[in-house]
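If you check TrEMBL, you get these features:
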type	residues	note
DOMAIN	A:7-282	domain 'Phosphofructokinase'
BINDING	A:25, A:26, A:27, A:28, A:29, A:159, A:218, A:219, A:220	ADP binding site
BINDING	A:107	Mg(2+) binding site
BINDING	A:130, A:131, A:132, A:167, A:174, A:175, A:176, A:227, A:251, A:257, A:258, A:259, A:260	substrate binding site
ACT_SITE	A:132	active site, proton acceptor
């Protein structure tokens, strides 16, 4: 059963992620393909509240496929969390004759979308765009693969200097409460250990592991610390290790925001392209208040509240592999 | 039921692929983890025939995780295709007291492994290492993701000059008889068309598409040609198009062997790490004459002859997406 | 003595080069800094002939510093080579009340500028933008450093596969009649030989060198062929070598247009920034019909015809170094 | 007058820099070219003190040209600062029959070399290897160009997220007491301001500049802070700015050690190659206790104490350009 959708709008919300532009491009181009009008809302929900809305054409999304960030701009909107904010947003939604809304973002953005959709009976479709990969309903989120590669390239560079000086480096990577970037860039960067939010690896385990490496004359060591790690920041953990293993020459690097930028990888561009098309096709097929994802190579639509509430787990297998390889 | 494996050997064979080193490292480290002796065979099957074999330690695979190519070297062995060649190989296999063989390579290498395994009742385990992604029994082969990203980065650069001069570029990518690199780098690079071995897109379709773009003032066009495309090489196709659309300023670039090299991506390193561990664990668990792969995120073992004979298909969905987005 | 310049125009012409955008940005921003009006002419001289001219603001050049290509577009104009074409161009020049013209390009573009400047007494200032580095009056041209790095990265990738298979690769790089990219990327990529337009290295020398390497068991060899090499294309030379050294496993890669694209390096962005500012300041100081360059770290202005006619020589020292290192 | 040099040793000392491997390779290969024996000393001066010395062959430096770090390892030696330490070092120097020493490093390493050379009348030749570019007697030090490009690429990525969120970023770059990396990556990254050790730009100037940008609706701002900046760390400065301009959404990233690693750029490889050859030729020509550098494209030899004591100045012109372009 086809929904009666003629005019859709798209926005990017929350922390930006590489591939968001590719997703917007796919939403715009597939809208044109299906003869829909498509509008861009600038600065996330704030743009909907303030009427910062503009019709987009195929031309509007030329040459953005390869670019990091989001040309629609993004923000976390406090006002949209209020009933009044959402009322203003809906007013602009109707004033522009919009039939549906595509939201590219993470869980905070989707929670807002969920509330809005229910309050005003607006068809909303979420596309998972966050480097953290912390959304259920999709194997991967847009931006995650790029962030992992950015982290890996940084670790490779740090490895050069760690090896040259036989040092121990603590490298803090992003991921909020999830350890996906940490475990993947850790395996990929040959880390001796990864301290994740999801595991209760204590300082003592880490110290034993470092001692064992030292006794076998392992020349350099890199420990990955996820930003959500409960043992503290990379600086905290480095300080604790130093008190017990003072023969190590220790350095700390916090990779920071560069993990959010950069030209998206092939995987992220292809994923963003698929999800952008699937979002438009989902709306045309009557989907509403769902997030579109790719699970086992297939497009699936998951109710937004389910995608947000379910906690996605790190693959236990990957963590097991990491332990075997870091002997 | 555990197999009685004490000593294994590993070789890389056929065309090299980024991530082969990461796979060898994983085989070596997991062998050490499971208290096995592990040997490296140099230059593929030729090294087995010539006794170019050496024990490897954890140290032997330091600092190779991030490197393209294969430090074990690779080759296509004509001698191993002969009964005499395989007899020599088996003699060295026994002389070194080897219990099992891990082969990292593509379908040609696996066919050899299959014959050898059956002739001499040697446990052989294949790890799919080829940029072409043309093996059934695994969603992705080692090196494929890196090759796609290398092709995408090259296309991005070509796009700069295509846009600046409003030109039409034909870019030929690798992949032998399979269009995987072509379709993925095509979506990722925003190509107007991809000419694949698997599809009978004619020159006429291409010309119609280019004419349509020209009439809507599309400024630059990139057409991806898979090396196995039945319409001819990128040069052939460009020449045919030129005769009919002489107002286009046309250039051709054949990406060539740079697609085989480079530091592997995070995905390829993680995949290689998983498969390397799974190969050793498979042998310990009595697997023989199988290829290990990852399907829907799970490790699976597929009989080698099945992996080689089944033709893996391009995801029709991806090709559909590509058509929608290239309007 | 200050010239009476109020309104200047800038165009990019000839083959595009990474850093052209950075140069345009510097021209625009320094014009605004000096309270000049600044106009962009699209598609090189053709845009001047056709009146494709638009005023630029600081905002017009936001976010272009890091981008390859030229947003002003470029072309080689046949019409501007005719008296009639230049007459049309001058008509538009006056119609827009322009006082001076900044031309970013190579020798072909500068020759046109020279003629135009003399015919119509128009102050013209050239900025050297070409990957070929073949202009006298400047140590480096904009885009050259980026092209060398692009070539080097490609050679590094090819080295991975050359080493893994113990192959001999012929890699053809750009540079038209000049061997700058070839000699620099050759030293940088560890090539065994570089065949340049400027040197009469014969096939026999090359073969002797390859034989010597083979006898010392050099595992892989990369020979760089400049596109202007008088011995023929990389394919021609490879074929000649094959007839005499048939034990080599030979491959050829022509890097092609990807050398023109990509985000400019730090050096190219800084050079483009300096030259863009110096162009505007030169015009304000009464310079006309000169090319601005950087020689020994200082800005210098050279009469355009001198910059074009003088043949810039490859540093003999560099070639000597290359020979010593490729033993 | 030729010196009687038959056997030379090479070491890398102090902070590692990309291109050190390329310099070692050039020293080794040119030594072989000139029929000298060449030895590698591991871990800097500590290796000389401890006799960690090994003869090197052409083969020893295969495939290191493109690698960051230093395979000879590096360290800052406390023991070499003592008379006893240097005595041990000299004992090993004589025990190995060495005639001369090539030291690749920065000012600390050269000061040690200077003392050693004078105490024991040992011919010492310094090659400037440091990302900081803070040595007189050479236009550029090995590693500086790579570090600038690494910083620029990181700033480009940060720009993506700064633009998408209209944020103000403070990015801290390396360089110790010198602002070379800061000013070059600042121009290259389009920074609104660069806070250098060499300039007394106050917080007030910075605030005025940011206010001016805000009033002209500049969407994103990046301020580069050199690590040696006297106003404090990037965090300190960000905090001060926040108290006065609380409407800015501010983030801080400290790039850290990743600036030391990575594959060297073409410029750094070519520079390292030239200097490595020139070091060996200098020793053969009787040079002693000098640093070899490249000034205005020519090789020059400068007495080590002069190279160390002279403070190299930031090009005032560059800083002026930066100010004009950041309007």
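Just so you know, glycine gets a Cβ as well, placed from its N, Cα and C.
Remember, predicted model here, so these are calculated numbers, not experimental data.
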Taking CB atoms only, which of the binding-site residues A:27, A:29, A:174, A:176 fall under 8 A from chain B?
A:29
Please give me the CB contact count at 10 A for residue A:107 (Mg(2+) binding site), counting all chains in the structure.
21
What binding-site residues from A:132, A:176, A:251, A:258, A:260 have a chain D Cβ less than 8 Å from their own Cβ?
A:251, A:258, A:260
According to DSSP, does residue A:251 (substrate binding site) fall in a helix, a strand, or coil?
strand
Taking the Cα atoms as reference points, how far is residue A:130 (substrate binding site) from residue A:25 (ADP binding site) in Å?
17
Run through the Cβ atoms and count how many others sit within 10 Å of the one on residue A:220 (ADP binding site).
23
Of the binding-site residues A:132, A:251, A:258, the one whose Cα sits nearest to the Cα of residue A:29 (ADP binding site) is A:132
At 10 angstroms around each C-beta, which of the binding-site residues A:27, A:258 has the fewest other C-beta atoms nearby?
A:258
Cα-Cα separation of the residue listed as 'Mg(2+) binding site' and residue A:218 (ADP binding site), in Å?
41
Residue A:130 (substrate binding site), DSSP three-state class -> coil
Does residue A:174 (substrate binding site) have same-chain partners at least 6 apart in sequence with Cβ under 8 Å from its own Cβ, and which are they?
A:131, A:132, A:147, A:151, A:181, A:227, A:255, A:256, A:259, A:260
Cβ-based isolation winner (fewest other Cβ atoms within 10 Å) among the binding-site residues A:25, A:251, A:260
A:251
Cβ neighbour count within 10 Å of residue A:29 (ADP binding site):
24
Say you check the Cα of residue A:25 (ADP binding site) against those of the binding-site residues A:176, A:251, A:258; which is nearest?
A:258
Average the per-residue pLDDT over the domain 'Phosphofructokinase' (A:7-282) and send me the rounded value.
95
